[in-house]
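Listed features, source TrEMBL:
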DOMAIN    29-182  domain 'MRH'
REGION    256-278  region 'Disordered'
SIGNAL    1-23  signal peptide
TRANSMEM  187-211  transmembrane segment
Amino acid sequence: MSSAWHTSGLLVVLMVLAVSVWAEEIKEKTCDVTGDENSESRTEKALLKKLEPLSQMRFNTTVELGTTENYTYHFRVCREVDSSLHDLAGLVQIDRKTGKTTVIGRINETQVFNGSDWIMLIYKGGDSYGRHCSGEKRRAVIMISCKRGFTASSFSIVSEEREKEQECFYLFEMDSSVACPAEDSHLSVGSILLIILVSLIAVYIVGGFLYQRLVVGAKGMEQFPHFAFWQDLGNLVADGCDFVCRSKPRNAPAAYRGVGDDQLGEESEERDDHLLPM
């Protein structure tokens, strides 16, 4: 019996180890900043975190120069282009004629820095040049510029600098909102006063409603605070406007006089005035 339990326990341990190894293999590797282990600065860690929304996306661009160069470039941000190869390639070049794949840069040799509205991502450790650049390893420079409203767009190659003896590179560019600085949201004095006013009105209405309903026991429209006052508000406003805006005294005669008997009588008296003895 004990041997059976021992065998079962051993099988469970082996299964757990196998699952752990399998999970580790399928887990995608991320950018490792060039330098000693755990040498990333706070700025570098913050920038890599800022680029995280782009990590699940794949970018491609095709370049055709005459009849000799026809390439497709595949790029991922801090992820392997093909995780099944375990080559840590973050940007690769594929010759469309021969199908040859060349690693331009690897994510385990990453550099990252930024400016006010851009982020520069550099992958080093690519495949070695042949006749160019003294046979040094390739590297990819990706300029990510701010463009609000777009998670990512316009990935393209700008140039390849390979006529130097050293420090050759491929330059790419793309637009993304992740490179944009945070927008300041300062409220004006008027906005603050408006928020306070709206808040006070809301407290007045809700608090008054609860008081009228729960304390006074009002029903229907009577639950509205100071209902009688608000009901008469229109008349009060009209009276106030009439008082303030009137342009003549209240006891002034009307500008238009009718043709009633009283007015005719007054006119006859005025006409008889010349008949009186001097």
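In case you wondered, yes, glycine gets a Cβ from its N, Cα and C as well.
Note on the transmembrane segment (187-211): residues 223-226 of its chain, located 6 or more positions outside it, place their CB under 8 angstroms from a CB of the stretch. Mean predicted confidence for the domain 'MRH' (29-182): the pLDDT average there is 90.
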